[in-house]
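One structure is given here, and the rest of the page talks about it.
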Amino acid sequence: TDRESTHDEL
Amino acid sequence: MNIFRLAGDMTHLASVLVLLLKIHTIKSCAGVSLKTQELYALVFATRYLDIVTDFISVYNTVMKLIFLGSSFSIVWYIRHHRVVRRSYDKDQDTFRHYLLMIPCMLLALFVHEKFTFKEVMWTFSLYLEAVAILPQLVLLQRTRNIDNLTGQYVFLLGAYRGLYIFNWIYRYFTEPHFVHWITWIAGVVQTLLYADFFYYYFESWKNNVRLQLPA
């Protein structure tokens, strides 16, 4: 499962 | 993207625009801590290393460029602009911000999600951002006279991470596997550091008196 990341946040 | 995150990003954008507006129009950085601005420039430089490698969206890239550009230009203004730098109070802005950077880097080397260069730098930027406001809060307590724009800048800067907390709660309940303790704890610590500022800011707003922090 692709781990949701906070790297798509600023 | 959710409304909390968008509101958080817009509040963050507003904070840098308020500061740039203040410095650019009245050519003064009185009450502004250069140390905090340098820490924020470092936060963005270490957090947005992926700006060239991972394209997420136009919005994401544009906002990263704005935050990088504004934070570095604010540092340039305070350091090198012939008029602005005269209003910088270096005798009061004495927080040793290196004492913040070193523990954050050490912590990032031990507590992170993945031990890769980008991930450790990203985690360092999270920890550093949580404490980056400290030199500015110390300066505000020292200088006593807090002008409106500086007060609004600090308020907006603190509010944006508070809105991000709602964003993380929303994402936790809507996305599977969205568990990021490091981000959440750093974000809560960051927001708590503003707690007393928020209290005095609302008090001054409610009683319609000048904002003053207790010494």
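Residue numbering: from 1, along the chain as shown.
Note that Cβ sites are derived from N, Cα and C of the backbone, with glycine treated the same way.
With a threshold of 8 Å between CB atoms, the same-chain residues lying at least 6 positions outside the signal peptide (B:1-31) that come near it are 59, 63, 66-67, 70-71, 73-74, 77-78, 81, 83-85, 87-89, 139-140, 143, 145-147, 149-150, 152-153, 156-157, 159-164, 166-167, 170-171, 174. For B:1-31, the entry in TrEMBL reads signal peptide.
Residues or ranges marked as transmembrane segment in TrEMBL: B:55-78 (among others).
Summarising the annotation, TrEMBL assigns transmembrane segment to B:98-115 (among others). Panel annotation: around the transmembrane segment (B:98-115), residues 39, 42, 121, 123-124, 126-128, 131-132, 134, 180, 182 of the same chain, lying at least six beyond its termini, place a Cβ under 8 Å from a Cβ of the stretch.
Feature annotation from TrEMBL assigns transmembrane segment to B:121-140 (among others). Only residues 6 or more beyond the boundaries of the transmembrane segment (B:121-140), in the same chain, are considered here, and those with a CB under 8 A from a CB of the stretch are 31-33, 35-36, 39-40, 42-44, 46-47, 49-50, 89, 92-93, 95, 97, 100-101, 103-105, 107-108, 111-113, 146, 150, 154, 157-158, 161, 182-183, 186-187, 189-190, 193-194, 197, 213.
According to TrEMBL, the feature transmembrane segment maps to B:152-170 (among others). Below 8 angstroms of C-beta separation, residues 2, 4-5, 7-9, 11-12, 14-15, 18-19, 22, 32, 129, 133, 136-137, 140, 178, 180, 183-184, 187-188, 190-191, 193-194, 197-198, 201 of the same chain, each at least six residues beyond the ends of the transmembrane segment (B:152-170), sit close to that stretch.
Residues 111-113, 123, 126-127, 129-131, 133-134, 137, 140, 151, 154-155, 158, 161-162, 164-165, 168, 211-214 of the same chain lie 6+ residues outside the transmembrane segment (B:182-202) yet bring a C-beta within less than 8 angstroms of a C-beta in it. The annotation transmembrane segment is assigned in TrEMBL to B:182-202 (among others).
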